[in-house]
Every structure is written in structure tokens, then in C-alpha cells.
């Protein structure tokens, strides 16, 4: 079987002839863009983790799940960078333990698939958590609490790793052909990849669509969310913050699925040995996946006043400037919007 090369490498060449100078410019732009996205993504997602660690008022179940998404994004970016360095420095891995390790954990995209599964599962849990908190505020069944959140996050990672074990156990390094080989299990792997893509897309998307449609229906049409029939909302500020939170989570979900669908299609085509039209899809899925891992902190800052203020505090502190005003405003906002609140919100 053809080497299961990672979607994050930029070593492919266009079949159409192109002047050497133009090709060099294109490759330079790709490399600069690649490292810029990696750097911005790692810094941005690290800020999300620091915010929740630094401010006690930000330690809610929703924010802990967002931290899990940030951690998964950092892992994706980090291992993508490692793979890029491996594939640009070595045309083929040497035989032995190192080659087998690189084959199983990098060339097969197994690490990226684990982190993508973590993100998909976390977004599904987030949608369920918001559904329980806003649509069924008085229901205790299934309600996430701070005490339970660590177990939930651990379970998410364990499930993600378990789902990728067949990929790790099947591929092996073929020193003769210098590629990751499936041996005689190509059909089984094709079925497995198809099922994995379904688990990563159709199942989470269906559940998330149901949960958020119920929330939106209750908020804007039935008026049972933050209304007289449902959860008590004391202020317009609280109602506005809840709506902004739902919008934020929907944006995160849409961004993830838009970025992942091309990647899922690429996985299916590769394992099915459909070799044509790979270049544009491979390049597009690579940058879409990286952009998705890097854009989430900007969505938080754009949609959440609390995150925006917290980012401002951290940046001003790094510059040695006074942050008393921002800290006071953040504390005041959290105190004001927490009055009468039954569900945890950002």
C-alpha cells in the first residue's frame, strides 16, 4: 500500500510545470504560513489554559471543557510541527525502532486523529452540558459538576485513544519499500477508517445539532430558556451572556466540522487507494485543520467579554502594566452575571 503520508507535510509538488522561481516563492509562503499558524495557535491556546488556571471565577465546567479543546489543539499543532521537521529532514525513516515509531505515531496521522476525536467528543459533551443547563435546568440527571469534570475529560481521552488502537496496531514500517504498510489487512482498514470518520463527523454532528436546535428553539421561539417557564434569569446581562455563550459554542462546532470534513474525505480516499486529486485536497485539509486549531482563542475573545478581559489582563501583566481596573471589571461581571444563575456559563 502507498505510504500513509501525513496531511501536514508540504513536500508535494504540483503536476503542472511551474517556473523554479515561482515554485520557490510558493513554497516559501507555505512554510512561513505553516509556522505562523503553528506559533499563533500554540500561544493562543496556551492563553486559554492560563486564563482558567489564573482566574478562579473562570473555573466552570464549560471552561474546563474548553481547556480540553485547547489542550487537544496544542497537541495537534505540536505533533504536526514534529512531523513537518521529520519529513523535511529525512526522505525516509531508517529501519529499526525509530522507523516503526514514526510510522505508527506520525506518518499514519494517529496522534492527529486522537486529538481530533478528543475535540469532537468534547464539543458533543459541551452541547449536552449546555442543553442540560439551559433546557432542563432543574434536572439533576446527567448534570456535569466541577467534581465530575476531571473524570469526564479523562474518559474522553481514553475513548479517543481506544478508537485509534486498530490504526496503531495494524500499520508497520516496510524497510524494503520505505513506507508504512498494512500488509494483508487493507480491506479491514478501509472499513475501520470509514467507521472512524462516521464517529468523528456524523454521530457528533447529529447529537450537537439536536442539542443546540433545542436550545435555540427554547431561547428564541418557545421562550422557555431564560423565560417565565424555565430557568430563572434575573438580569438582561445574564440572558445576553447565555446567548453569547451558545453562539460561541456553535461557532466552535461549525469551525471544527468545516475544517475536518476535507480531512475525513482525504483519509477515506487514501485508504481506498484513490490517488488522483490528492494535492489540492491534501493542502487544503492541512491548512484548514491547522487554522481550526489556531482560531478558537480568537472566537473566545470575539464572543466572550470575560475571555477578552482575561486576555487583556495577561497581556498587560506581561508588559508590566497595571491590571487593577480589568481585574475589578472581570470580578464584577462574574459576580453580576452569577446572581440567580443555575447553570455554569462562561
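From the backbone N, Cα and C atoms, a Cβ is placed for every residue, glycine too.
Annotated features, as they stand in TrEMBL:
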DOMAIN    44-300  domain 'G-protein coupled receptors family 1 profile'
TRANSMEM  32-52  transmembrane segment
TRANSMEM  64-86  transmembrane segment
TRANSMEM  106-128  transmembrane segment
TRANSMEM  149-169  transmembrane segment
TRANSMEM  189-212  transmembrane segment
TRANSMEM  245-269  transmembrane segment
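Distant neighbours of the transmembrane segment (189-212): 113, 116-117, 120-121, 123-124, 127-128, 130-131, 163, 166-167, 170, 182, 246, 249-250, 253, 257, 260-261, 264, 267-268, 271-272; these residues of the same chain sit at least 6 beyond its ends, with a Cβ under 8 Å from one of its Cβ atoms. Under 8 Å from some Cβ of the transmembrane segment (32-52) lie the Cβ atoms of residues 10, 58-59, 63-64, 66-67, 70-71, 73-74, 77-78, 80-81, 84, 287, 290-291, 293-294, 296-298, 300, 307, 310-311, 314, all in the same chain and six or more residues away from its ends.
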